[in-house]
Amino acid sequence: MDQTLIQEILEIVEQAAIASASLSGKGLKDEADALAVDAMRKRMNQIQMQGRIVIGEGERDEAPMLYIGEEVGTGTGPGVDFAVDPCEGTNLCAFNQRGSMAVLAASDRGGLFNAPDFYMKKLAAPPAAKGKVDIRKSATENIKILSECLGLPVDELNIVVMDRARHKDLIAEIRGTGARIQPISDGDVQAAIACGFAGTGTHCLMGIGAAPEGVISAAAMRALGGHFQGQLVYDPAIAQTSEWADMTKEGNLARLAEMGIADPDKVYEAEELACGEHVCFAGSGITDGLLFNGVKFEKDCTRTSSLVISNLDNTCRFTNTVHIKEDAQSIALS
């Protein structure tokens, strides 16, 4: 990857965010997702690269576009693997709630873990706690370590947890330490990345979410120098999801074995989930969130707010872009 490609990757998420935001607040989550997928794919196919979707909208027979294994780009240029979520937080977008964004991770060929469509136990923390907190430790232990690493009393720590029934015991344990719970309804990618930045008020992400989004979070945290670990969850009793109503623990283990995952209980570090030499994360806000604003539609322009994190040059770029409409007459500075 080079700087030109990274700029084009930014444009991919910007276009997806704009498309999805056109339906924000209208209660049409599937339609908003479809618009984002179409816009993301269209921009990808204009880029001189040999792109491949390793995490996308589903298997080939389940998704018409951006399916796993789909080739994108012009077919010439560098080989790039993508993990994409064109509309992360579709419910958030549909009801115009905070935290929806268009996101992707990119790496050189073979540089991203091909995560199954499973759940994943996740732990994200700031760079100061990298390698010190551990997903195998209890929440109580990790909160104590986090307090020491950040120099903050436990009762000032904000721990993000998705508001799900499966987290009832986890939430009780966290509250038992005196730390604060910051519940979110959807969209844990932005919450995980926010842990990597001081001043966001987000100190740690704990709990179970989707595995594909875990890879995207890992790519960002690796490039940022933050802590991220993930462990696949294959037991329906733990995941507590209706999506696995027809699956059993044994059936899920068989699926993992077929995918070549020999140790289903393995704890993956960020550097294993995003192992490429060059790793890039790009996100653009659909609605306002922890890290950036959502899309703003104005008479003469559309404004996007985005973030690109890359280990190519060890940079984080917060970008506000003004997309000028044809026949624009007046563009405000902000």
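From the backbone N, Cα and C atoms, a Cβ is placed for every residue, glycine too.
For reference, Swiss-Prot has these:
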{"type": "BINDING", "residues": "D33, E57", "note": "Mn(2+) 1 binding site"}
{"type": "BINDING", "residues": "D85, E88, E213", "note": "Mn(2+) 2 binding site"}
{"type": "BINDING", "residues": "E88, G89, T90, Y119, R164, A165, R166, D186, G187, D188", "note": "substrate binding site"}
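Sequence features, as recorded in Swiss-Prot, placed on the structure.
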residue: D33; record: Mn(2+) 1 binding site; DSSP (3 states): helix
residue: E57; record: Mn(2+) 1 binding site; DSSP (3 states): coil
residue: D85; record: Mn(2+) 2 binding site; DSSP (3 states): strand
residue: T90; record: substrate binding site; DSSP (3 states): helix
residue: R164; record: substrate binding site; DSSP (3 states): coil
residue: G187; record: substrate binding site; DSSP (3 states): coil
residue: E213; record: Mn(2+) 2 binding site; DSSP (3 states): helix
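Proximity to G187 (substrate binding site), judged by a C-alpha distance within 10 Å, picks out E88 from the binding-site residues D33, E57, E88. A gap of 7 Å separates the Cα atoms of T90 (substrate binding site) and D33 (Mn(2+) 1 binding site).
Here R164 (substrate binding site) comes close to G207, I208, Q240: these same-chain residues lie at least six apart in sequence, with C-beta atoms under 8 angstroms from its C-beta. Considering only the binding-site residues D85, E88, R166, G187, E213, the Cβ with the fewest other Cβ atoms within 10 Å is that of R166. Those residues of the chain, other than D85, E88, E213, with a C-beta within 8 angstroms of the mean position of the Mn(2+) 2 site C-beta atoms are G89, V103, G187, V189, A210, P212, I216. Nearest neighbour of E88 (Mn(2+) 2 binding site) by Cα distance, taken over the binding-site residues D33, E57, R166: D33. Nearest in space to E57 (Mn(2+) 1 binding site), taking C-alpha to C-alpha distance over the binding-site residues D85, R166, E213, is D85.
Long-range Cβ neighbours of D33 (Mn(2+) 1 binding site) (same chain, at least 6 residues apart, Cβ-Cβ under 8 Å): S20, P86, C87, T90, C93. When the Cα atoms are compared, E213 (Mn(2+) 2 binding site) and R166 (substrate binding site) turn out to be 18 Å apart.
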